[in-house]
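In what follows, a single structure is set out as structure tokens and then discussed.
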Amino acid sequence: MSRYHTFTAADAVEYARQFGQVADPQALVTADEIGDGNLNLVFKIRDTAGISRVIVKQALPYVRCVGESWPLMLDRARIEAETLLTHSQFCPQHTVKVLHHDAELAVMVQEDLSDHHIWRHELIQGNYYPQAAEQLGEYLAQTLFHTSDFYQSAQAKKAAVSRYTNPELCQITEDLFFTDPYIEHERNNFDPVLLPEVLSLRQDKALKLAVASLKHRFLSQAEALLHGDIHSGSIFVADGRLKTIDAEFGFYGPIGFDIGTALGNLLLNYCGLPGLAGPRDAAAGREQRLNDVQTVWQTFAARFLALSQEKAQDPALATEGYAAQFLQHVWRDAIGYCGSELIRRTIGLAHVADLDSIDDQEMRRACQRHALSLGRALILVAPHVDDVGGVVARIRQSPSSLTPQRC
């Protein structure tokens, strides 16, 4: 098999036998399609005992929920595989292992993570993994530092920026994050009862100026090789372990984007918890989410600083105090992108179960309103914040009262 064709289950089994790196390839006999996304086919390859051994993932040449009228380039499969391989080079313990990939077939074979669980599902169910936030911070620090100008040579970095140019998937992000939620668009999806809040966002000139700045940075700042879609649904967890998957949105962009989207998903769970659990469990879970937000940032920042002191290759960027100064700019970006994630996941095309799975309609609407107000506040306060503790304290005291003053 060399020319592109859409895999059947039988094709996936045969491919896994060739490239799955299992000791007994002929024992691989069945493939279950498990993908619930719109861009790919994903198969679990099982052996004669019914045990899942490897994953086969193939990119589709169109958006699945729309059909061939929305075509996509298959090169995104190469970008995803190479992003995961690069991230695995610097943080193998927290990156899914790529066993094989073929750019022409737009297919990749990955390790099976059946002994892990999707973090979003675990957060919704109230299952706490105390090491996950620290591990996520470590992953972000290792991958973003080692693909940045602090570590890469200027020549290597410029070549990598070109190699990881990902225009179609970046366009999706640009539209869904920074454009659609602030205009009337057919892709937007929200409860009509929320229309007053939606119209208020569209009419808020200060907010739209701040979002324009975030979008401009996303378009123009090639700071490091991002995962590009790091959220609690693209993170698998187990006791003491964490693995990231699904890096097809990978590209060179602003470091704060990966951090902000990760933090945004923790805060989406924070907003949804009153509708997902009883009062006592919701209060405890919300405190955990705020602690997780602090831990992710503090771990990332401390590790990034340590790496810059140990490994910074550029003598100018190694100047004492510069990395800390740079991280202030990253932090402010992260808070803005965090707010963007809250808004777009509430009223845009792609929602999250942290809000949408709330059974009680009035409670769900209240949680969605909270997400919108918190997202707006974070975007507006982002240029004025100095540290994570100040932001978390304000969220804890009064979730909707963030104002553009220094924290």
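The backbone N, Cα and C atoms fix where each Cβ goes, and this holds for glycine too.
Here is what Swiss-Prot records for this protein:
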BINDING   N40, K57, E111, D112, L113, D246, A247, E248  ATP binding site
BINDING   D229, R344  substrate binding site
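Maximum intra-site Cα distance, ATP binding residues N40, K57, E111, D112, L113, D246, A247, E248: 18 Å. Rounded to a whole number, the C-alpha distance linking L113 (ATP binding site) with D229 (substrate binding site) is 19 angstrom. According to DSSP, A247 (ATP binding site) is assigned to coil rather than to any helix or strand. Take the CB of D229 (substrate binding site) and look out to 10 A: across all protein chains shown you find 22 other CB atoms. Here the Cβ of R344 (substrate binding site) has 25 other Cβ atoms within 10 Å, regardless of which shown protein chain they belong to. Spacing of K57 (ATP binding site) relative to R344 (substrate binding site) is 27 Å (Cα to Cα, whole number). DSSP gives N40 (ATP binding site) a strand state. Under the three-state DSSP scheme, E111 (ATP binding site) falls in the strand class.
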